[in-house]
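> So TrEMBL lists these for the protein:
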DOMAIN    A:279-445  domain 'Helicase ATP-binding'
BINDING   A:C507, A:C510, A:C547, A:C550  Zn(2+) 1 binding site
BINDING   A:C516, A:C519, A:C534, A:C537  Zn(2+) 2 binding site
DOMAIN    A:542-694  domain 'Helicase C-terminal'
Amino acid sequence: MNIAKVIVDVPASSINQTFDYKIPEQFQDILKVGMRVIVPFGPRKIMGFVVGRTGESSFDKLKNISDVLDLTPVLTDELIGLGKWLANQTLSLYITAFQAMLPQVMKAQYKKELERVTDGPLSDELESFFAGRDFVAYEELTGSAVSYSQIQKAVQDGDVVVNYLVKSKITKKHVTTIAPNHEPHLLEEAIQDLSKNARKQKELLAFFIDNQQEIEQSVLTKKFNTTSSTVKTLLDKELLKSNRKEIYRNPYDDKSFEQTTALTLTEQQQETIVPIQEHIRDEKHDVFLIHGVTGSGKTEIYLQAIQDVIEKGQEAIVLVPEISLTPQMVKRFKGRFGSNVAVLHSALSNGEKYDEWRRIHRKEVQVVVGARSAIFAPFENLGILIIDEEHENSYKQEDQPRYHARDVAIFRGENHRCPVILGSATPTLESFARAQKGVYKLATLSKRTNEKEMPKVNIVDMRNELHEGNRSMFSRSLKENIEQRIQRGEQIVLLLNRRGYSTFVMCRDCGHVNECPHCDIALTYHKNSSQLKCHYCSYEESMPTNCPSCKSDLIRFFGTGTQRIEESLTQLIPEARIVRMDVDTTRRKGSHEKILNQFADKEADILLGTQMIAKGLDFENVTLVGVLTADSMLHLPDFRSSEKTFQLLTQVSGRAGRHDLPGEVIIQTYTPEHYSIELASNYDFMQFYKNEMSTRKTFQYPPYVFLTLITVSHQNHVTVVQTAQRIAQLLLNNISNEETVVLGPTPSPIARMKDRYRYQCMIKYKNEPNLRTLIRKIIRQFDDEVRKNDLLITVDMQPYQLM
DNA sequence: AGCACGCCGACT
DNA sequence: GTCGGCGTGCTC
């Protein structure tokens, strides 16, 4: 068993296989499957994952493994299997799948350097290049007087060698602690011996006479209002000793969480949790879909189920959408399970993510709460997997590997023979249909735990407002209601549903719209920088004063951003104190929480924001929720637009009147008759489900069919069209089921992005067991063009974003 | 991917 | 001759 099978860090389809390496003597005992290694690959050195050990290889001249990067495996056997499955499911590369399961910092970085290995004289150019140094970064070659062929020759002559370095991005945080180095009475003597001026030194020593324990250096210096130089002097005199040790960065360190205990469950909650607890006890896998209205106490069910899992000595994964948005959620988990919880979300720094990951890896926690990628937490004894707000599309990764966390959860649930819980007030049609068919077990929580009614929803037809001369974004009813709440000292949440809209710039004379020169999309106006920016590439230009086309100065921006709304709201209701929450105001780390805390402390009357305020917020003083434009995303070219609208409206409505005060919701729309708006206002999920299912059936969309999206992109328009056509033809010729439909090629909704044209083919199918194999075969035929010609073909086996 | 090797036209 | 550009094939 002295041969390792390695998946190497080369993202190319021709390398998507294991490579065999000999395990040298010194690594025989320590090298385990699942560790990262450094291996020679051609002339260079690269990182790889050991996915197996064997005794023999079909390859005869094996190279040695150069180095081992880990002390313990970073991938468990289960995760290796999961990675293989994931790569096959999503048509990705093994290496891409493995990297996706680990924190960013574990990805290797590569560097090259030139080393001078001769003392003898080199050519003049080389002498000045090395300038007395033995090692020079390879990049310095560009811009220097040394040509590549000169280096080549020097390497051949043995004067210079190229070193291939594998660098780790991992940084560990350390802390230095200080402790006394002698018995108290010896310190006492030392104080006597110190010079009269050494006041700080004496203070420090005196402190350690009473206090034998080690103390963090930074704490010590702060306490005595001194610096490290004083400490250093005492260390040099060997009166104190220091110890440098590694610590975890703890993003939640400074917050104390009030400990909570299990709440008494309502009858409905009890009925829901019992079968889950049975599955935990019997180690049985099943998927449970909890359909529970907002405020029905889903989280308490999660908490108590996890409690059972912990008591059994097992582990739990909880996924929540973009956790940074819901500090309240973290609080609930930390409050119940304290330091037994690791938190993984996108707002953490890479170092923090790595430290949280290591706490899981070292089995220091039993619970992880996190965003999508937390589903890969390296637990080995899982007892439950929970996906809260199951309908959120942030659970789908939109780059390779294009996986859905729900599928990964179910795969792991089967592996570990444990239940998977999906929870939502507005489940996806896919999940609900499965629950209806009995594939998932359905539990319904129709009552709120506080027995309160859902807030009343009023729909305002904005067309009437317009007819009666109100051209503002605020209906009279909304304005009056806002004023009334402010008077009563209550708070308001306003949602600007901006998807599909943006502030673009148009010339009023000739109709010219400023577009991105690299993408087929209008530029978005950003007021604070007075710049026009492209949201798809990083292009930006300053706001022109004249129309670039007809030179007219009547150029104006259109559309509605939160900034505009805030301005007109201030005009309309001058006494209103407004906080704004959108991508612009939350870019900085922690700004999220700051804004929310500000609102919670009643420093503002109105919280105005985009989508991100719809989820999970819970403020007791909010009695009015207003939706400014309910239909703005109803007309997007996306078959899920009705579903998304229904979900958003239902969710945001749940933000009002969660506590003692009764809540009210005002939805402004230009299409009040649309079923997703009407049914959301009645909280009628079942009727919505029925309506939407019949639409999906008529137009043959999921869950009635599966979709696969193939996108082709290239700088040359003709190449793209031709390639996409050839792909479509190949698909048509080889599909096995006559019910399968191949649509396209058609231009992607954004037909050009970053100077590349984009065309897509959509496959709709019910039963096409060999589709993955077929697509893989087709793509292989284009391998050459992909490599040589900068052609790009991407496949999404389960597209959510049809862009 | 990224590197060497080999072939080719261009230039001091 | 020597240099750099680009196509080709290989990496345990």
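Glycine is treated like the rest: Cβ placed from N, Cα and C.
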> By CA distance, which of the binding-site residues (A:C507, A:C510, A:C550) lies nearest to A:C534 (Zn(2+) 2 binding site)?
A:C507
> Counting other Cβ atoms within 10 Å of each residue's Cβ, which of the binding-site residues A:C507, A:C519, A:C550 comes out lowest?
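It is A:C550 that, of the binding-site residues A:C507, A:C519, A:C550, has the fewest other Cβ atoms within 10 Å.
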> Which residues, in sequence order, are found in the same chain with Cβ within 8 Å of the centroid defined by the Cβ atoms of A:C507, A:C510, A:C547, A:C550 at the Zn(2+) 1 site, excluding those residues themselves?
A:R508, A:D509, A:G511, A:H512, A:P548, A:S549, A:K551, A:S552, A:L554, A:I555
> Secondary structure at A:C547 (Zn(2+) 1 binding site) (DSSP, helix/strand/coil)?
coil
> Within the same chain, and leaving aside A:C516, A:C519, A:C534, A:C537, name every residue whose CB is within 8 angstroms of the centroid of the CB atoms belonging to the recorded Zn(2+) 2 site, in sequence order.
A:P517, A:H518, A:I521, A:L523, A:H535, A:Y536, A:Y539, A:M753, A:K754
> Go through A:C510, A:C534, our binding-site residues, and report the one whose Cβ sees the most other Cβ atoms within 10 Å.
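Counting Cβ neighbours within 10 Å, the top one is A:C534.
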> List nothing but the one residue from A:C516, A:C537, A:C547 whose Cβ has the fewest other Cβ atoms within 10 Å; the candidates are the binding-site residues.
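Taking A:C516, A:C537, A:C547 as the binding-site residues, the minimal 10 Å Cβ count falls on A:C537.
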> Tell me the coarse DSSP state (helix, strand, coil) of A:C507 (Zn(2+) 1 binding site).
strand
> Whole-number Å only: compute the distance from the Cα of A:C537 (Zn(2+) 2 binding site) to the Cα of A:C507 (Zn(2+) 1 binding site).
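Each residue's Cα considered, A:C537 (Zn(2+) 2 binding site) and A:C507 (Zn(2+) 1 binding site) end up 23 Å apart.
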> Between A:C510 (Zn(2+) 1 binding site) and A:C516 (Zn(2+) 2 binding site), what is the CA-CA distance rounded to a whole number of Å?
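With distance taken Cα to Cα, A:C516 (Zn(2+) 2 binding site) is 18 Å from A:C510 (Zn(2+) 1 binding site).
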> Return only the integer: C-alpha distance in Å from A:C516 (Zn(2+) 2 binding site) to A:C547 (Zn(2+) 1 binding site).
15
> Could you tell me the mean pLDDT over the domain 'Helicase C-terminal' (A:542-694), as a whole number?
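The average pLDDT of the model in the domain 'Helicase C-terminal' (A:542-694) works out to 84.
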> Taking just the CA atoms, what is the gap between A:C519 (Zn(2+) 2 binding site) and A:C547 (Zn(2+) 1 binding site) in Å?
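Cα-Cα distance, A:C519 (Zn(2+) 2 binding site) to A:C547 (Zn(2+) 1 binding site): 20 Å.
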